[in-house]
């Protein structure tokens, strides 16, 4: 194996490829006679000469040499092929030298060679193809795979192997197959490497992948160079590396070896090598183990050749063939050897056809060479093959079968059926893991077996076998890591000052918390890899920061991600990639609201009809029962019958309001009344609760009805400081900035809303819904009004194209599915009763602890009252004891008994006796003591004035804001180089040369400018100190061939530098010569970006690089928000490479070239017309034309003729057009008309005195040159002038550093001998390197401004003017510079500002577009103008509210259709369309299949209920969702009705007990405090106990009739009644929720419980739910039951699993809400476990998807989307949304327990009363039995009369009879009768109001 350096000389395009063939053409040492050499042979010649060029010892060459020789032998031994003619092959060994390979090629073509096989290298092929074109000698290469070796540029080049275009397509398919998105390419920086990688970029872009970084390496790169590149790419994000090299070099293996050493071949890395590696492995089986170890796990490709008998025979011969060639052992056969063998046979068949068609072998001299003179050239040595065209045609028409299979050329001149094997390097060999072909893509079967199937059959069946990846793992690498390994992810977090529930920065920099933080960390925990990160707060701690600014800082690389409450809005998505939203939060309006009353008769609604009836009956029954129990003993219930009936009715119904005034005196009556009043209380509470919901739920009003009414008003509007709402309201709703009031905190919101517009506040606040819901959760006086008028959400932001955004989106979806997202939401954002989401679904019972404070207060009040009372009693008792101390002393127990008797005695007798004793004891004291005893007792409580405890709460809000923006400003300090004074004598003249086309637009200006510059330099002695420049200019006369020859002529003399060439194509060729002979080549017009210093170190571009011009065009495309362009360009190095650069620049801005239209440089009018007609049928209307002046104007003229310069078109021309306009002011009016409205660029040169002086001289300079009039000065003229000055300064520095002009011979050329070339004419400039260094170090100011080279060897400060062609001239609409982008001010004024200051201020002036319009074209139309858009719609059989196809195919309607047509109406252009139904009318169709048919071009769009899911987004582009519809579970539910004893549920058991105890305790306390002063609390013990019980429990209903007269008693009672009021209110509220809130239950709790069960599950036929449940939840297919209609759903759910039905149905929420709208027995259970929506589908990269998304957003904002929703999908009362729209009425069964209790109490009371009456009647009957017997009916009548008689009369009669019957018993009975005397006084004058005074006789006398 040769060394890398030697191999590099051969393969590199750096070495004289183009030069050498020119050299061979130009040099000859013999002067042959002029004349035509003709071989006119009628019969076939005996021998046909063909040539071949290889490097015999290269990997490809040594195999190809054997194969070609074998093929020649086989052909010549087969007389049937050439009919006796023999092929004579002359093979030349280039010996790894690019220079020698070119020379050998020219030597081959110098004789009578009819064709050349080779060259081996693509770089050499680019050069030699020029010679082949000129001499008409077909060039057949079996190994030059560069895709840009185009038949348009090189018609005589024929590729007989597979094009790298297909290899790159195979790699792109592999990348897509493994779902990677980005790759890093490492490649050789020559034509082969660059152009192959450019093709890979195009192929990846077509699959929505991309090259994230290109790492070119010099073909002669050292180990250090390779290591530097690998270290750099190791710090990048992508871990997918594509290595594109040449099999002939060790360069590729060196890269892989160093990658192994750097640890870049371990787990997680992916390396894909192009077929150079498989070629190396196939050829050299003896690779050292270390090299094999370095490539373990790699994937590489091998050109696929199908198995055949021919191939097997040749392979079997191979060992015999190679044994003669190699002494070291066997040599493997690679694919190139097979193609080399077939190339000879191909040529043989073509030569046979050539002769068969009458072809003859003859040559003639090139007449153009006769025009050249001078030098030592023999022009007759070069001759043209006259039969070249015929032979070429014969080659392209060959159809044969060779060892590589079927051998034939397609129309694009590539061999048919390109295919590759996909190889995995494992162990000591390789394993084939699949195949790729251009027809079937990736497969595991050979491609030839698939050619009979339709191509679209393989779209969804791409497959490869398993791979052993680097690191010996079978797990697919994810393909990326975080950039800058080891560094933490810098995450910017907004430092909020309000709504800190979302994100809060604590006192320490590491204290971050909140909802957003928890979601982020939870999502990170689900990633399959660790992510080191650190939060950095952003904000000043005083105002909430701007989310947009935070995202911008991330785009400026200050942060690596942004986490927080950052809404996903349009301007932010232009700077960053966002995850899927984790919370929805569109803009909404919040305003103050007021409650509205309900209808007039709403008070009847709480109870049902039966409830009203039963309640009324019980009122009457209870009234009758109480009357029965009371009328004998209570005068209130006596009187005439009419009065008693009225009393019953009044009493019974007045209890409803606790307003009854009739006293109940009987124990039974009071018992019944207490129970009934309890029932009434509960009924009242329930009625109040139900009526409350009727009168208050959602009955709200506000003068602000939504965003429209708010915008139309003149009132101020509040918004959150830092929110995007401000700009949105100003831009979208035209609200003036003066009306917008920034607010910071919820408190600011509340104050501003309460103050209102009249008091300096606001009418409403516009903010995101997430904030508003939190704000409203505790502020019921405000509400959201109107629709949410934007649809957005919050996401995490990452840099553009970051794969972390994708992975985090997946993680957020998982959080949603497993319920964690909801749990985090509930943790931070749980809403209270005022929340917009409604009331709680679960009701809490009221616990004792809720009222413990009340009970403690009441207990303390009672205790304090008792204590005060005891003190007073002791004081009174002591005074009473002193007054009666003469009575004598008693024991302690006696004293206690006396005290208790004193306390129990009524106050009035005590006072009377005390007063009497005082009168008896002393009249003087009596008065005072009476006054003291009669005085009121005052309890004086003094509170110390200075006993308060001050509690001061002070909150200090300390925010530590950390700015982690590392702004590093590096000042480049250039060291002054020493200048040597040891200078040899300067020559008088220095020769420089120049090659121009004098009559070209650029050449004629540059010629004058350079001559003027040479004159100026030579006239200025300070520049070269007396030395003169001698400029020799050669005219290439528009011929590339002549240009090359002229360059070689310069190399014969002592020329030290060349200015030129003018063309980039020529520069590519001559640069090889310049490199070899060390002559600097300075070009002021070769702008091709690929003229790289790595490949061409002696090429110096002294003008602006086309890379920057393409960046300017890309910025213009982005500025006008276009996304795709069509490129029309000349198909040569200049055009292709410029457009490739444009593609890269557009991709960096997320735009792209949708179609490339190359044109032959010599394209005819017909060729141009064909291309324009083709592109006119495409979608994009943005055309970029990159060409030469004459050619470009022809294109534009034909475009004008075809109507492609009208309204809607955009044409952007590169600077060739401005150059033409600047130069030729007398352009024909027709030509001017053809370019109206175009945009073009002009290289910008700042204004200066030097420039003005030169421009003022121009007319004088051109006056001598042109007789036709003035000639304009273009930018190239200025750069040509400065180039001469640049070279002069460099030469001056060269001499100052001791440089001398000397030349030496190239010793390698002396090794060549023979032929007609005089190679000794070539010499190397010894001072070339020093002069080159001095050129690159020049720093001067010229007419173009500051002139200096940057580190990349481009002229500094590249800038362009943006020109709009208007009228007869051009108007400048702005500038572009690489520093500041687009602007309307000159770039030099912006260089002092920081570059990021221009990111958001890109600007241009207005443009007059084609068609004379100022309206910006949208940039695209539908392809195939005139054809209607074919829209596929699903032909549903159920849920036809969404989409329904009528009897006729055009009758399509439904929600989805209305949304689609409404969105279309908002587009600024008309769209013709037609609906096409898809489905069989029996089952719902699969939307996935419908989308697939769209990708197969059956439809142009899909409209319908199409969910946006992952596998569909891989096939199509979707709009923004117009409805949310994730998967949910529906199951049967049962209502939990309140039981008969539901009224007990509001209080817990402990609560009931403690409440009852306190009722008794308070009753006892009040009795103690009152019974001495108040007759209502006195009487017999039994009566007092009843009084205590009655009084205490009657306070529950505020129905107590006993007056409290003492101060302490009243104090206790007031506190207790306050406690009772709160208890009643709480009981009412709790019972309200029990009786009115719907309580639902289902055994299915959600998707988890459903999946865990074994029950069958229903799903909608055709839905994606089936696959989702099987793949995500591992539910077996047998459990999944397809259902079609809602009726099927209902039946299956009702039947249940036991009866052939299902346990639940899983479907999208949109369907389920419609299903549940009329089916209350089912409900959604659990969380919605996927987050998705429905959108309209369009083909990939269709701009209509973007425009329709914008239209859908507008529909949402203007409310039309909601109106369409309400039209089709209005939900009824059973909607799944939760809140009932109809109020639940209270049923009788809810109160049956109460009525039973009350009825039981009444019945028991009546029974007891009847027993008591019977007992009394029996006693009365016994006393009066002497009156005689009576009948049974008489007895009943007597009993009824007895019951009706007043108790007092009965007692009086009984007493009289007892006195008369027995005098001994009379005394006792008289005493009994006198025990209680009732004195009843009636005052008729006061309205019949009875006043009853009852006195109780003391049972125990008071003793002193």
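Every residue, even glycine, has its Cβ placed from backbone N, Cα and C.
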Of 671-695, 696-720, 721-745, 746-770, which range does TrEMBL call transmembrane segment?
671-695
Give the range, chosen from 841-872, 873-904, 905-936, 937-968, that TrEMBL lists as region 'Disordered'.
905-936
Identify the transmembrane segment range according to TrEMBL, selecting from 1611-1635, 1636-1660, 1661-1685, 1686-1710.
1611-1635
Which stretch does TrEMBL mark as transmembrane segment, out of 641-659, 774-792, 793-811?
641-659
I'm validating the feature mapping. Which of 1752-1772, 1773-1793, 1794-1814, 1815-1835 is tagged transmembrane segment in TrEMBL?
1794-1814
Confidence summary (mean pLDDT) of the domain 'Ionotropic glutamate receptor C-terminal' (490-831)
81
